[in-house]
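Take a look at the structure below.
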């Protein structure tokens with residue numbers, strides 16, 4: 001028996017190990033999401049012999065799990081940023097340093113959360129595993145947004161979620177098509193349009209829900225206060241978006257899972273990756289611990305973003321829309337490009353479109369509903385410039401993917417679109433709303449990101 005298998009068998013027992021093997025087979029036969037496959041490219045194989053000769057069983061198990069979780073990723077070099085960020089906060093270093101270190105520390109944590117949810121999926125089966133991936137795939141962005149909501153920084157919340165959608169649709173997808181096209185000049189790159197069509201439809205539905213509050217505000221007669229009606233419309237639309245996302249999960253995991261089946265053609269190549277390497281309770285404990293660390297770093301990011309903006313001379317909008325999503329999506333971004341190099345565009349599209357859909361149809365409406373519960377005036381009115389950027393992005397991507405083929409010119413167009421939007425938010429220094437701290441119900445209402 002392999003030492004690595006011994007560790008999680010000791011934790012779960014022999015019968016549970018058999019169940020894990022059955023779960024593994026079921027998981028592989030069902031659907032393994034593109035995000036999981038993308039992140040798996042950044043993982044490193046560990047050597048169980050390094051800890052197998054230790055005398056104490058519990059110590060062997062702990063060190064084996066530590067080796068798999070902490071050292072099992074190529075992004076492990078960024079883990080020191082986490083204690084440095086905590087030390088910077090404790091010793092009252094410059095707040096812009098706290099922001100930068102926290103942002104770097106979130107990068108490996110995002111990839112490790114994906115790894116741990118995949119490990120849990122081997123024991124819970126494909127349905128629960130798929131639900132975990134559907135809710136935890138963008139855990140970092142969601143936690144940052146919830147902390148911004150808790151601190152009543154509605155502008156930071158909206159900026160970060162919008163930036164994540166734009167980053168996935170233009171930067172991640174565009175660089176994947178560009179690199180894939182250049183690496184496969186002599187091959188015709190094709191992909192299944194069905195997955196792209198489903199995601200595009202959901203993104204357009206989300207765009208409609210974003211535009212209705214904005215259009216209602218501009219269509220109102222002068223002097224008529226519509227803040228309350230806009231807020232109610234946003235809450236109703238958010239519930240509809242969450243219903244649509246639940247339908248999307250059922251569609252993806254049950255009724256039409258063959259459309260989203262992004263397994264690689266070479267099963268032997270993936271055999272070593274597709275097996276549980278730590279036990280269920282170990283994976284669950286590590287997942288809880290890393291989620292708490294992500295929450296701590298997210299609080300640092302939200303609390304120091306204005307200080308970083310002032311210190312660097314860059315607007316909060318540019319940092320939130322451009323910098324934070326680039327760092328948060330670094331792991332998936334790298335994986336999507338690698339798969340594009342291998343001419344496996346279905347996986348690259350699954351990463352970019354799947355993440356954008358999850359943010360648009362799950363994270364955004366969830367923040368509205370949570371704000372409703374917290375009595376915070378969070379709505380879907382993202383203001384004119386932001387909503388127009390989102391609308392044009394979705395239309396450009398939909399037209400780009402309509403023929404089922406790809407070449408590097410499509411990647412160039414998408415990357416240049418992202419560069420143009422980044423330049424726009426860099427030069428257009430949108431001020432934070434004057435009433436950003438007065439968003440509780442009964443106080444002065446907020447009508448969007450900017451006036």
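Glycine residues also receive a Cβ, built from the backbone N, Cα and C atoms like all the rest.
The annotation domain 'Sodium/calcium exchanger membrane region' is assigned in TrEMBL to 97-253 (among others).
As annotated by TrEMBL, domain 'Sodium/calcium exchanger membrane region' applies to 284-425 (among others).
What TrEMBL lists as region 'Disordered' is 1-22.
Under the heading transmembrane segment, TrEMBL lists 62-87 (among others).
Sequence-distant contacts of the transmembrane segment (93-110) (same chain, at least 6 residues past either end, Cβ-Cβ under 8 Å): 73, 75-76, 78-79, 81-82, 84-85, 87, 139-140, 290, 293-294, 297-298, 300-301, 303-305, 307-308, 311-312, 323-324, 327-328, 330-331. The transmembrane segment annotation in TrEMBL covers 93-110 (among others).
Annotated transmembrane segment per TrEMBL: 131-150 (among others), in sequence order.
For 162-185 (among others), the entry in TrEMBL reads transmembrane segment.
Taken from TrEMBL, the feature transmembrane segment applies to 197-216 (among others).
Residues or ranges marked as transmembrane segment in TrEMBL: 236-255 (among others).
The transmembrane segment feature in TrEMBL is assigned to 276-298 (among others).
The transmembrane segment annotation in TrEMBL covers 318-341 (among others). Within its own chain, the transmembrane segment (318-341) has Cβ neighbours under 8 Å at 35, 37-42, 75, 103-104, 106-108, 110-111, 114, 140-141, 144, 155-156, 159-160, 162-164, 166-168, 171-173, 175-177, 179-180, 183-184, 301, 305, 308-309, 312, 347-348, 351-352, 355, 421-422, 425-426, counting only residues six or more beyond its boundaries.
Look at TrEMBL and you will find 353-374 (among others) tagged as transmembrane segment.
Among the features that TrEMBL reports, transmembrane segment is placed at 380-401 (among others). Within the chain, the transmembrane segment (380-401) has long-range Cβ neighbours (under 8 A, six or more residues past its boundaries) at 158-159, 162, 165-166, 169-170, 173, 177, 191, 193, 196, 200, 203-204, 207, 209-214, 217-218, 230, 233-234, 237-238, 349, 364-365, 368, 410, 413-414, 417, 421, 424, 428, 430, 447-450.
Residues or ranges marked as transmembrane segment in TrEMBL: 408-428 (among others).
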Maximum Cβ pairs under 8 Å to the transmembrane segment (197-216) - stretch from the list 62-87, 162-185, 353-374: 353-374
Residues of the domain 'Sodium/calcium exchanger membrane region' (284-425) by DSSP state, where helix covers H, G and I: 119 helix, 3 strand, 20 coil
